[in-house]
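Undergrad: Below: one structure in structure tokens.
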Amino acid sequence: GYCAEKGIRCDDIHCCTGLKCKCNASGYNCVCRKK
């Protein structure tokens, strides 16, 4: 399956291995970051 790389939005797709979906304080603009 497809996964989001680092810095890619993860609103509708999950992040690749070793990455975690993080959002800003408002809970928007979720992007994948290193764990």
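Just so you know, the numbers here start at 1 and follow the chain as drawn.
From the backbone N, Cα and C atoms, a Cβ is placed for every residue, glycine too.
Quick paste of what Swiss-Prot says about this protein:
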DISULFID  Cys3-Cys16  disulfide bond
DISULFID  Cys10-Cys21  disulfide bond
DISULFID  Cys15-Cys32  disulfide bond
DISULFID  Cys23-Cys30  disulfide bond
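Could you place the listed features in the three-dimensional structure?
TA: Other Cβ atoms within 10 Å of the Cβ of Cys3 (disulfide bond), summed over all protein chains shown, number 13.
The C-beta environment of Cys21 (disulfide bond), restricted to residues of the same chain at least 6 apart in sequence and closer than 8 Å, consists of Ala4, Cys10, His14, Cys15, Cys30, Val31, Cys32, Arg33.
DSSP assigns Cys15 (disulfide bond) to a strand segment in the three-state reduction.
DSSP gives Cys30 (disulfide bond) a coil state; it is part of no helix or strand. Other Cβ atoms within 10 Å of the Cβ of Cys30 (disulfide bond), summed over all protein chains shown, number 17.
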Undergrad: Including all protein chains displayed, how many Cβ atoms other than that of Cys15 (disulfide bond) lie within 10 Å of its Cβ?
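TA: Cys15 (disulfide bond) is surrounded by 21 other Cβ atoms within 10 Å.
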Undergrad: Do you know offhand how many angstrom separate Cys23 (disulfide bond) and Cys3 (disulfide bond) by C-alpha?
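TA: Cα to Cα, Cys23 (disulfide bond) and Cys3 (disulfide bond) are separated by 17 Å.
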